[in-house]
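Okay, so here's the structure we're looking at.
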Amino acid sequence: MSHNDTIVAQATPPGRGGVGILRISGLKARDVAQEVLGKLPKPRYADYLPFKDVDGSALDQGIALWFPGPNSFTGEDVLELQGHGGPVILDLLLKRILTLPGVRIARPGEFSERAFLNDKLDLAQAEAIADLIDASSEQAARSALNSLQGAFSARVNHLVEALTHLRIYVEAAIDFPDEEIDFLSDGKIEAQLNGVIADLDAVRTEARQGSLLREGMKVVIAGRPNAGKSSLLNALAGREAAIVTDIAGTTRDVLREHIHIDGMPLHIIDTAGLRDASDEVERIGIERAWQEIEQADRVLFMVDGTTTDAVDPADIWPDFIARLPKNLPITVVRNKADITGETLGISEVNGHSLVRLSARTGEGIDVLRNHLKQSMGFDTNMEGGFLARRRHLQALAEAAEHLEQGKAQLLGAWAGELLAEELRLAQQSLSEITGEFTSDDLLGRIFSSFCIGK
């Protein structure tokens, strides 16, 4: 498929609605207007017109908007037809447009891809369009809009410019070694490098917040049967999401709930009670429980406080702890404090967090909520943030690593050439975020996740 083709797609969600929009972009958009509308509308003015079939009969009537390139979303000629939102009507109009030579259905995200290729958006802004559509909270939506308006890109571009300036100094020190001022040893380059590292650390902190807003945190509730796992799921979700009985093994499959804690998405997973099961269905449920545990960001180790006084997970169930993935964070949740009379709250035991609560009464649930938020480093007071994806975090981490290696070369051996190379690599990593240096394969993966009409 060529970027010279003219593309068309429905820009509104499928199904019935008051308004349905078809978007056309490319060189043939002008021909589509002449054929379907009988005229070329005045640029950027709403024109109420009939939408005509091949024989001249009306298929629908509605608003036509004409945006000649380069002053359009894609940078190409763009025509938008806003008609009635019935699927049959839109399908008839789409088929009519596709009868014209050189016009084809758009690939997912192709409109945004063309906007990127025509320098109307950088890659981070293009990704923000999809993130804005998929936002699951008000805070995520606001942060996605900030990214779309260039907040994230501006921070990255500032770092790139600072690195460019620093590289000039380093290259000058390499190319003109006989000058009176030795830029490598007089401390100026070190001071500038430290400034860039500090700025990058600040951006990484904000990016981690943005990633939490977008990705959320996956928390798996695990433990023995009848420890109160399903009751905890219901308490966190604020509704009866799981069946709760006194019968051991009631939960046999994985149950998922998605909630928000001050804007941070939390993916809670209730699992089957872990034990040696003879029942085939329960055994499969336990296998799935372990699969979820291995992919978790944190495990809530649920303990029935009426069965043991132990608080160290290694003492409570050593075989369970031994099987957990290395470095997986664990929070021990001692349940049924309403029965045992334990003091509600949170403490630390041998490097693990310990929360005492009652899932049945809801006492102590707020303590657990705050603990989950703090354990991920989520800051609800951070204003003007932006959303970030995992690839952004990886690129920022790579840039930080190159800068630290460059600093080591500078202070350890005054190796200007090696410092210059590390600065170049750091700059390249940052430029991957905005798409200045990005492989075609990565671009294809990013835009293929978009809506068809975007």
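Cβ coordinates come from backbone N, Cα and C, glycine included.
If you look up Swiss-Prot, you'll see Arg23, Glu80, Lys120, Lys454 marked as (6S)-5-formyl-5,6,7,8-tetrahydrofolate binding site. Residues or ranges marked as K(+) binding site by Swiss-Prot: Asn226, Thr245, Ile247, Thr250. As annotated by Swiss-Prot, GTP binding site applies to 226-231, 245-251, 270-273, 335-338, 358-360. If you look up Swiss-Prot, you'll see Ser230, Thr251 marked as Mg(2+) binding site. The annotation domain 'TrmE-type G' is assigned in Swiss-Prot to 216-377.
Annotation: Lys229 carries the greatest number of neighbouring Cβ atoms among the binding-site residues Arg23, Lys120, Lys229, Lys336 [cut-off 10 Å, Cβ to Cβ]. Cα of Ser230 (Mg(2+) binding site) to Cα of Ser358 (GTP binding site): a distance of 12 Å.
In the three-state DSSP classification, Glu80 ((6S)-5-formyl-5,6,7,8-tetrahydrofolate binding site) falls within a strand.
Between the CA atoms of Lys229 (GTP binding site) and Glu80 ((6S)-5-formyl-5,6,7,8-tetrahydrofolate binding site) there is a gap of 52 Å.
When the alpha carbons of Glu80 ((6S)-5-formyl-5,6,7,8-tetrahydrofolate binding site) and Asn226 (K(+) binding site) are compared, the span between them is 58 angstrom. Contacts of Ser358 (GTP binding site) defined by a Cβ separation under 8 A and a same-chain sequence distance of 6+ are given as Asn335, Lys336, Ala337, Asp338, Ile339, Leu344, Gly364, in order along the sequence. When other Cβ atoms within 10 Å of the Cβ of Ser230 (Mg(2+) binding site) are tallied across all protein chains shown, the result is 24.
For Asn226 (K(+) binding site), the nearest neighbour among the binding-site residues Arg23, Lys120, Ala272, judged by Cα separation, is Ala272.
Just so you know, the Cβ of Asn226 (K(+) binding site) picks up 20 other Cβ atoms within 10 Å once every protein chain is counted. Arg23 ((6S)-5-formyl-5,6,7,8-tetrahydrofolate binding site) sits 48 Å from Ala272 (GTP binding site), taking the CA atoms of both as reference points.
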